[in-house]
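Lifted from TrEMBL, the feature list:
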- 9-177: domain 'FeoB-type G' (DOMAIN)
- 16-23, 41-45, 62-65: GTP binding site (BINDING)
- Ala28, Ser30, Gly31: Mg(2+) binding site (BINDING)
- 300-322: transmembrane segment (TRANSMEM)
- 351-377: transmembrane segment (TRANSMEM)
- 407-428: transmembrane segment (TRANSMEM)
- 449-471: transmembrane segment (TRANSMEM)
- 477-494: transmembrane segment (TRANSMEM)
- 532-553: transmembrane segment (TRANSMEM)
- 685-706: transmembrane segment (TRANSMEM)
- 713-735: transmembrane segment (TRANSMEM)
Amino acid sequence: MSIAADPQTRTVALIGNPNTGKSTVFGALSGVQQRVGNYPGVTVEKKTGRMLVGDRRWTLIDLPGTYSLAPRSPDEMVAVDVLLGRRADTPGPDVVLCVVDANNLERNLYLVSQVLELGRPTVVALTMTDVAEDRGVAIDAQALRDRLGGVPVVPIRAHKRVGLDALKAALAEAAGRPSTPIESPFPEPFRAEVARLGGWLAGHRAGKPPLPRYLVERLLLDTGGYLEGVVTLDDGEGDLHAEILASRHRLAEAACPVPAVEAMARYGWAASTLEGVVTRPDQPRLTTGDRVDRVLTHRAWGTLIFVVIMALIFQGVFTWAVPAMDLIDAGVGRLAEGVEGAMAEGPLRSLIVDGVIAGVGGVIVFLPQIFILFFFLGILEDCGYLARAAYLMDRLMTRLGLSGKSFIPLLSSFACAIPGVMATRVIEDRRDRMTTILVAPLMSCSARLPVYTLLIAAFIPPVAIGGLLSLQAVTMVALYSVGVVAAAGVAWALKRTVFRGPTPPFVMELPAYTWPSARVVLHRMFDRGWSFVRRAGTIIVAVSVVMWALLYYPRLPELEANRVAQQVLAMELARDVADDPDAIADLDARIAAVEARADGLQKRNSLLGRAGRLIEPVVRPLGWDWRIGAAAIASFPAREVVVATLGVIFDIGSDVEGEEGVSRLQVALREAEWRDGRPLFTVPVALSIMVFFALCAQCVSTLAVIRRETNSWAWPAFSFAYMTALAYVAAMITYQVGTLLAA
């Protein structure tokens, strides 16, 4: 029996505005007992945890951060359905835990009022109380509890684990007593229309469960019409849309315009609730955080500090990951040697060693760098710094014609474009939303990191610049900047052509600075790392096997294979009887040359080689041969697959030895040659490949999400076409200019 189905287990749902510390509270309560999945039928992340309160087990459900329970899509409907107990895959919560920022009580109580209307037992957790105290703000928690009708209000400091025992006790108390919805904060005319529409729905939904009052309210308030499509009536009975329009017309005549009436009612309720509860100083105090913000949000100094911070993070990615990467690479090499020693030569051994191990091993070696990058990004996010970065970028967004609301989706896209595209739902203006969707994939996501680190470590020397930053770190910053600059240019063009229109104003909240929670940061880091491992174990394995098969078949004609084998055998016999070291070394080199020629001939005449040679004239201007072109095409399912494909094509079997700080694949790339003996990979070629992958649309999952978010195949097709063209042109310019400069 699962915990969710155990009658002895209680369930608590966490909900709150973004930047209230909800994730920190969730991590503090659940510890390491966390699971991440998805709700069936939607792409909303389902994060659950477990905890003990006394001797009773509890399941925690961490709902996505939101400012309002106003669903406008199936994904946004998830939180409402979970809180109302309307999802078959998730138990209805015994208690709802509202996480509230003590510094922004009035705005946070907007969401609290919606939750209290649902009629679930509720507890309010007051976070950031230490910051409020520093600002001279005093909150009477008992008075607030009384104003909320007895709802427990618990001040906590989750990152220091202060108040958690009191919070658990409050949850147990709330779960043990009945709860009723608060009186609606809406004016009487609105309540009357809700009652009238609810009665009409009851008469036209015979045999169906009655619609909760809150959803009836939302039917009136949802001018976008999403909920109308969700509510089902008896076949052929009534016109719901006409009833709603009639109600809205009567409300407008009664000075209750929809949807503005909700903001007026809820903020009015919040103001009256807080009267006498919150005491503020006559003159606002200047806190340490305010002083820090004067520097970090400064137009010049703030931008410079942001660039330096990111450069230092990338320096750490290259420097600190080396020991772990060397260990993984050596382990992959030993695994390949073990398989070769345990199996007879043949297709199966080649599949395992040259296909699976070479492909997956070439990618998994970068896992330490993924961990380090997301460890530092987690710290920046949890302490509140990334919100300052959003504030800095708002000026740039405005000049491009975008709202500052676009920054958070774009920032999310640095981890993965999929949640970034989905996060554009917070942008009300369709033109801004579409523009943001189309440029979000240009942000350098974590899937590009293995490509960057592979080629930078192999071909960019680790020389220090100014005694502080290495050239490798500067190159990494430049590659991330390529995507940002390209996105800026594309957004500027789209907002002046296809999506021409005014830019709405943007007001954003700067959360208080807090000490990062080790649990939250480490959980995010391991979550991203595990996601990377899952991809390595699924899509990368599949593509590696396909690439191996395309390279392995058809085999060389038997006559040619026998001729090569006889040549090698003759030279091996001669080497065995030779006693001159120079002669032995010469024979070893000749054997390697014969085997390399045979291997090259096999690959050129394989299915992949034949297809690759067809496209070689297209990729030659980029400095690539057919092998690099084939790897780029094979990476269409996911960008990081190119690393696995290069590992298969350049055959990093057990005979390739890595060096300190350099993986076996990097050694193989350094040794790769054109047919005339020239090095295949040079600095201009490496830069060309990295620029191409910084801008290309090699991610089928992202294109699928764009299709779903825009409800059209035209936009993902447009996105793929413009990004591929942009990547090709930029890579060609990079190679041609780099070659001229290197001449």
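Here the Cβ of each residue, glycine as well, is placed from N, Cα and C on the backbone.
Please treat TrEMBL annotations as automatic predictions, because they have not gone through curation.
If you measure from the Cα atom of Gly16 (GTP binding site) to that of Ala28 (Mg(2+) binding site), you get 16 Å. Only pairs six or more apart in sequence are counted, and the transmembrane segment (449-471) with the transmembrane segment (532-553) gives fewer than three Cβ pairs under 8 Å, not enough to call it a contact. Comparing the binding-site residues Gly16, Asn19, Lys22, Ser30, Glu45 on other C-beta atoms within 10 angstroms of each C-beta gives the minimum for Glu45. Remote same-chain partners of the transmembrane segment (713-735), defined as residues 6 or more beyond its termini with a Cβ less than 8 Å from a stretch Cβ, comprise 434, 437-438, 441-442, 482, 486, 490, 621-623, 684-685, 687-689, 691-697, 703-704, 706-707. Tertiary proximity for the transmembrane segment (685-706) is limited to same-chain residues at least six positions away from its ends with a CB under 8 Å from its CB atoms, namely 43, 417-418, 421-422, 437-438, 441-442, 444-445, 447-448, 451-452, 455-456, 458-460, 479, 482-483, 486, 622-624, 628, 632, 635-639, 641-642, 715-716, 719-720, 723-724, 726-728, 730-732, 734-735, 738. Pro64 (GTP binding site) counts 16 other C-beta atoms within 10 Å of its own C-beta, drawing on all protein chains shown. Rounded to a whole number, the C-alpha distance linking Lys22 (GTP binding site) with Gly31 (Mg(2+) binding site) is 14 angstrom. The number of other CB atoms found within 10 A of the CB of Ala28 (Mg(2+) binding site), across every protein chain shown, is 23.
Geometry remark: Asn19 (GTP binding site) versus Gly31 (Mg(2+) binding site), CA distance 20 Å. Of all the Cβ atoms in the protein chains shown, 12 others lie within 10 Å of the Cβ of Gly31 (Mg(2+) binding site).
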